[in-house]
Amino acid sequence: MLNYFNTALLMVQMILKKQDPSIKFGQMSVNDQGFYLDYLSQTLNINPEDFNKLIKSLAKLCSSAQPISLKTVDLKIANQLLSDQPYLLELINEAKEKTVNLATVDNHHYYLPMAQLVDNTKLVKAFNFQSVGGAYFKGDKDNLVMVRLNGFGFENDKVMQDYLEIIEEQKQRDHRRINKILELFTFNQLAGPGMPIWLPNGQIVRQLIGDYVHSVQKKFGFMAVNTPILGNVDLYKKSGHYNHYAKDMFPELALLDGDKMMLRPMTCPHHCLVYLNKPRNYYDLPMRLSEDALLHRYEASGGLTGLERVRAMTLLDNHIFCRLDQIKTEILNAYQVIKEVIGTFNLKFHRIDLSLHDPNDKQSFIDNEQMWARSENQLEDALKDLGLEYTKQVGEAAFYGPKIDFQVKTALNKIITVSTIQLDFSLPSEEKFDIKYKTKDNTYEQGVIIHLGIIGTYERFVATLLEQTKGALDLWLAPKQAVIIPVNNSVHLEGCNQLLEKLLARDLRVTVDSRDERLNKKIRDHQVNKIPVQIIIGDNELKNPDLITYRLYGQEDSNQLELTKFIELFKKP
């Protein structure tokens, strides 16, 4: 599929270049969602009404059956052959890749983001464009705006129609679209890009998730702490984040007294300060800390996407301070925490990655091969003890240590990291925070930190749940669990209110629909709004108020249960 998308991207470049020889191309990308192409033109102002005309031009190019050759060239040659594309060359040179993919058709050269390609234009016979809009060059709002064209190409119409059905399903599962129904969160430019505002319904969901995860943390021996959202710049210099992570942090805040502060992008340094609050002995360990931590990370404005990519997020963070002889036990324990929580939310691991450092990349990773060898071996041994299959991913470690990434395949076939276990010998070192403990022999030894991410941030996790469930959240998690609907307001409304009092007394989230509408319309409206339970009150229910007639979301048939058994449906995990 990617080879057809990549070839379609090439063919679009050819068509646009023919229509405007002076066109300038910018960023372009190909993935399993299709391709996008950024361009700048004085004459081509493409809008959705032009898509059919563009598709006809592509069909003619397909019929011309032009052979395509692909070659890999070094940067010097790429700069020569693409000399009329300054924006594209700026991106290529900044990427610092040693080689560049160039396609050649009829002695014209075109850049392509990947090497997968079909060898003739006649092989791509079906095209579609999803959207056209604006995009800042390099995703930076201070740069010029280019036109971004999104589309895809396939070998025939049948394959494309199948793909279009998948695209429609993606739209239905988009958490931003679902949010318009459930009203969980909002954004406002006055609050700032990427700064989510949780609405009442969203705060209910967020709090329920937190309460459950906190109960599991407590069961496994974690102690909650609370630390500031700001830290002195020296704290992040000491931890190493300032040197390795500065581009992803918000700028420094200069205070009147001369101190420089920064919004924290993570809590690890603060939790080290908790450990250092007093001397620790061998019997104090392991010390397991947890915190719902508000973090700020500077994401490029072009990359902000609903709750998936934000600048302010709350991480359910965990750090385990332990001895060397406790590492394996604590990793096994951390895995049990993850397994229990993820299972409750009906998620399954698609793949487990052992993320390792790249020994050839001294800038992105701490330069201490002995530390890397030790920590990577420890994590791999733990995975083997658990009997888990895993894939090694070189270059995907955190800058300070290796990690185990638990990947979930979403309903839209996206692979996302939900949970992580990271082993850290760097922050505890003498050069950093000097995390030590007194041994039985009254000597001091260096401790170890295990970073544990159970579900990541509330923001991304809620986005994942909405996508997985299509907004039909589990009954215990739904912000509005049930609605009571009278068959006739004048006759049955009082009975609805009496049942409402009983259910509210059981701490259930229930409302009465007293609108002056037809019964079928009320039922349909609450189905659209994904209310898990609809309770119908008519003459029979008034005669027997302890017998509940209800219908579950997505079901046509009604059910009946006695009130006490009905309430058990709402039980929390």
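Quick reminder: no glycine exception, Cβ is built from N, Cα and C everywhere.
As written in Swiss-Prot, here are the features:
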REGION    174-474  region 'Catalytic'
BINDING   Cys268, His319, His451  Zn(2+) binding site
Using a 10 Å radius on the Cβ of His451 (Zn(2+) binding site), the other Cβ atoms enclosed count 23
Identify all same-chain residues not among Cys268, His319, His451 whose C-beta atom falls within 8 angstroms of the centroid of the Zn(2+) site's C-beta atoms; report them in sequence order.
Met266, Thr267, His271, Asp317, Asn318, Gln422, Asp424, Leu427, Ile449, Ile450, Leu452
Within its own chain, what residues at least 6 apart in sequence put their Cβ under 8 Å from the Cβ of His319 (Zn(2+) binding site), listed in sequence order?
Thr267, Cys268, His271, Arg288, Leu289, Ile449, Ile450, His451, Leu452
Just counting, how many other CB atoms are there within 10 A of the CB of Cys268 (Zn(2+) binding site)?
23
Looking at the region 'Catalytic' (174-474) alone, can you tell me the average pLDDT?
93
